[in-house]
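Have a look at this one.
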Amino acid sequence: MKGLFITFEGPDGAGKTTQVSLLAEYLEKRGFEYITTREPGGTVISNKIRQILLDPEHIELKDQTEILLYASSRAQLVHEVILPELEKGKIVLCDRYIDASIAYQAFGLGIDRKTVEGINRFASSNVRPDRTYLLDISPELGRKRLIGRTQGEFREQLDRIEQRELEYHQRVYQGFMKLAEEEPNRIIKIKADQPIEQIFQQIKSDFDSFLQSKRNM
């Protein structure tokens, strides 16, 4: 069986990172070869780009610069990590991918969607996820969760994207919902206002079924 590319998406505060870790633990117990990675980041170069993108002091960073930096980070990650690991037959779990750029830059910032998609097709060499788990949480609840994780002053603790106004995050949320509507066979939407273990059981159940279907092909 070829490797599998599994991505996790959702608004800020949805709990993606936790679910990536839980699925990784599950794969470990079952003896699968896998890696976990994240966006932006995942390589030395991509992590440096991440620092530029998320630094809350970089308020002068322009929308066009933002989309190109995300795409640059993604290009490095895809060609340095994701593609080589998939070629080895591994399962790749990635915290965010191209869907996030469509939601955050096209819907959130209002950049032309076809432009966002074209840039990212080039950056990723059109490498697409086999399965995407979209953790569905309202922007309002996601923001409350983020506040709960911070210490000290609210806006000093959140990154540059997280600090944006609620209306921006509402547009991002609508973007994710639109993507799920357009690609229901790839994007599995899971309510993220449930207990962590309950969310994971739904992911695990779908993953097991999906894995079996791939083996039977």
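For all residues, glycine too, the Cβ spot is worked out from N, Cα and C.
In case it helps, TrEMBL gives these features for our protein:
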| type | residues | note |
| --- | --- | --- |
| DOMAIN | 8-203 | domain 'Thymidylate kinase-like' |
| BINDING | Gly10, Pro11, Asp12, Gly13, Ala14, Gly15, Lys16, Thr17 | ATP binding site |
Same-chain residues six or more away whose CB lies under 8 A from the CB of Thr17 (ATP binding site)?
Arg38, Asp95
Mean pLDDT for the domain 'Thymidylate kinase-like' (8-203), rounded to an integer?
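Taking every residue of the domain 'Thymidylate kinase-like' (8-203) together, the mean pLDDT is 95.
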Of these binding-site residues, Gly10, Pro11, Gly15, which scores lowest on Cβ atoms within 10 Å?
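Candidates: the binding-site residues Gly10, Pro11, Gly15. Fewest Cβ atoms within 10 Å: Gly15.
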Quick check: in three-state DSSP terms, what is Thr17 (ATP binding site)?
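Assignment for Thr17 (ATP binding site) reads helix.
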Which number gives the other C-beta atoms within 10 angstroms of the C-beta of Gly13 (ATP binding site), all protein chains shown included?
23
Show, in sequence order, which residues other than Gly10, Pro11, Asp12, Gly13, Ala14, Gly15, Lys16, Thr17 on the same chain lie with their Cβ within 8 Å of the centre of the Cβ atoms of the ATP site.
Leu135, Ile137, Gly142, Arg145, Ala192
Including all protein chains displayed, how many Cβ atoms other than that of Lys16 (ATP binding site) lie within 10 Å of its Cβ?
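24, counting other Cβ atoms within 10 Å of Lys16 (ATP binding site).
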